[in-house]
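Visitor: For reference, TrEMBL lists these features for the protein:
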ACT_SITE  Asp340  active site, nucleophile
ACT_SITE  Glu395  active site, proton donor
DOMAIN    205-551  domain 'Glycosyl hydrolase family 13 catalytic'
Amino acid sequence: MAAAPEDVPELARLLEIDPYLKPFAPDLQRRYRQFNKTLNDIGENEGGIDKFSKGYESFGVHRCADGGLYCKEWAPGAEGVFLTGDFNGWNPFSYPYKKRDFGKWELYIPPKQNKSTVVPHGSKLKVVITSKSGEILYRISPWAKYVTREGCNVNYDWIHWDPEHPYKFKHSRPKKPRSLRIYESHVGISSHEGKVASYKHFTCNVLPRIKDLGYNCIQLMAIMEHAYYASFGYQITSFFAASSRYGTPEELKELVDTAHSMGITVLLDVVHSHASKNSEDGLNMFDGTDSCYFHSGPRGNHDLWGSRLFAYSSWEVLRFLLSNIRWWLEEYAFDGFRFDGVTSMLYHHHGVGQVFSGDYHAYFGLQVDEDALIYLMLANHLAHTLYPDSITIAEDVSGMPALCSPVSQGGGGFDYRLAMAVPDKWIQLLKEFKDEDWNMGNIVYTLTNRRHLEKYIAYAESHDQALVGDKTLAFWLMDAEMYTNMSVLAPFTPVIDRGIQLHKMIRLITHALGGEGYLNFMGNEFGHPEWLDFPRKGNNESYHYARRQFHLADDDLLRYKFLNNFDRDMNKLEERRGWLSAPQGLVSEKHESNKIIAFERADLLFIFNFHPSKSYTDYRVGTTLPGKFKIVLDSDAAEYGGHQRLDHNTEFFSETFEHNGRPYSLLVYIPNRVALILQNVDLPN
């Protein structure tokens, strides 16, 4: 984990990839120097980032080898710090911490005479802070490993988690997938029942479904503890605690371990962009001041989100956040992270009210929060040094250049970024345009407009599009008829027919052309009806929309099964052919009046006919490959709710006839609203 030389080792490579960055080379050099300086400072003062990122081994409350307890907190604004709980009858001042340098406080509690610990597993604790203004504040340690809420209590309780038989992982981590097919998941809504589902339920019922669908990665949302369920897990109160509303830490470990046994990579949706404003059971005002882990004053508040903002240049904040990264990698065996709210972190304006047009000046200058950027570089450096196969994904809407380039090039160090313009494009088309007015060139541009050699995760929709106030693609397409006409016994109405065909086509072209990875939010693969809405006062605390009705896809009498089948076979074909890990697709046709898009990727020929009514006989499509072709995926097949207009035994032969810039071409029958994948059978599988 030694630091690299001060000069950016591979900056020339980055500038070769993107010459438009040359005027900003001094900015990239300054950022790298600051990253390098921070890494060196950590080495000189803490013995290296390896030791620095193990803060969870000393901070918080820990059982020592002799049965005693060692307790440590960082509370620079406190006048006094104490430990209280069930173990001392909640006497607030009987166990005072000793003040150390740099705002740290320590306490050692000897064991009982029989060498057992004074604070047993499962007992309640609180840190008591006396503030400089004389207030007595009851707080949960920022390093608490387990917190839970009893009954109708408003606040969470800190539970000392020290089980006699902690979970032991049985399976090794999967190798980094060549192609990343992500199933975005939320444990709590994974059941059809009107309740919060459990880790156990997800492990037993949802993981096998994910495996069967051909996804090789799950991205778990709402795992870091959050007091407000309806925040979707984005208002974190306890950063080191796995959410207790789904079960115990050991049950989450079993979930991850079981996924690994299936060859499934597990990513955590990590939220280091902000924190809940809760003080009784959150980080806010921990030491009685409005600073501590956050910026003081207006800079420490995100007005739009109503949350607190970290002071990323603070030494102890860096320790806390980097240790949090390591904690989830090592304690729970997660394989990487999707970093939430990266745009908010990168800029002092947090992206609020900004339009990123692609002008590079927006990505450099005083508006960039370089403290946050340096933290992200350090987090990526740590994750990839500890586990070279770990995966990090940035949720950034701004398109900051080099965010997904290696740190050694002066980049942010992420492996992937989310292609956030793609779902917006599909929603815009469905909301604002008739099918016959869809612009093929604009669709192709949106799907292929990405930075060279920076990997993107493409998706047609994620949890964002499923939330109340918006609609899923299936609901935009079929709306009220989903309630009445999804039975195979009901008439195949024009609305349902259009919806089923376009749902498949949108997903396949996004999957095949939109990036180097693919993401789907749980249930959307089969066109889950309705929206997501968590229990809250506004809906009378109802769980009706906070669940996933997987049984709909399992019912042979419902048409949801067709979309489910297509999603599975699309993923399984990608697993065999690997188009996500192949170079970007070569588009040969985007015909506006015919509504045809054709491209090649991974030696497969993809053809899409988006025309609402026109089918084409003997339509000529260009290809780079000579030889014989056969259909390997057809959205019009019966098992996908199609009209079975194509004979899959048909063989197509390319001829030496140049077309659309390709040396060969073939003639194909392309029905309306159909997506086809043709494979050259003369090539090895």
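The backbone N, Cα and C atoms fix where each Cβ goes, and this holds for glycine too.
TrEMBL does not curate its annotations; it predicts them automatically.
Remember, it's a predicted structure, so these values are computed and weren't measured experimentally.
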Visitor: Which chain-mates of Asp340 (active site, nucleophile) that are at least 6 residues away have a CB under 8 A from its CB, listed by sequence?
Guide: Tyr234, Asp269, Val270, Val271, His272, Ser273, Glu395
Visitor: Please work out the number of neighbouring Cβ atoms within 10 Å of the Cβ of the residue listed as 'active site, proton donor', leaving out its own Cβ.
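Guide: Taking all protein chains shown, the residue listed as 'active site, proton donor' has 20 Cβ neighbours within 10 Å.
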Visitor: Looking only at the domain 'Glycosyl hydrolase family 13 catalytic' (205-551), report the model's average pLDDT.
Guide: 95
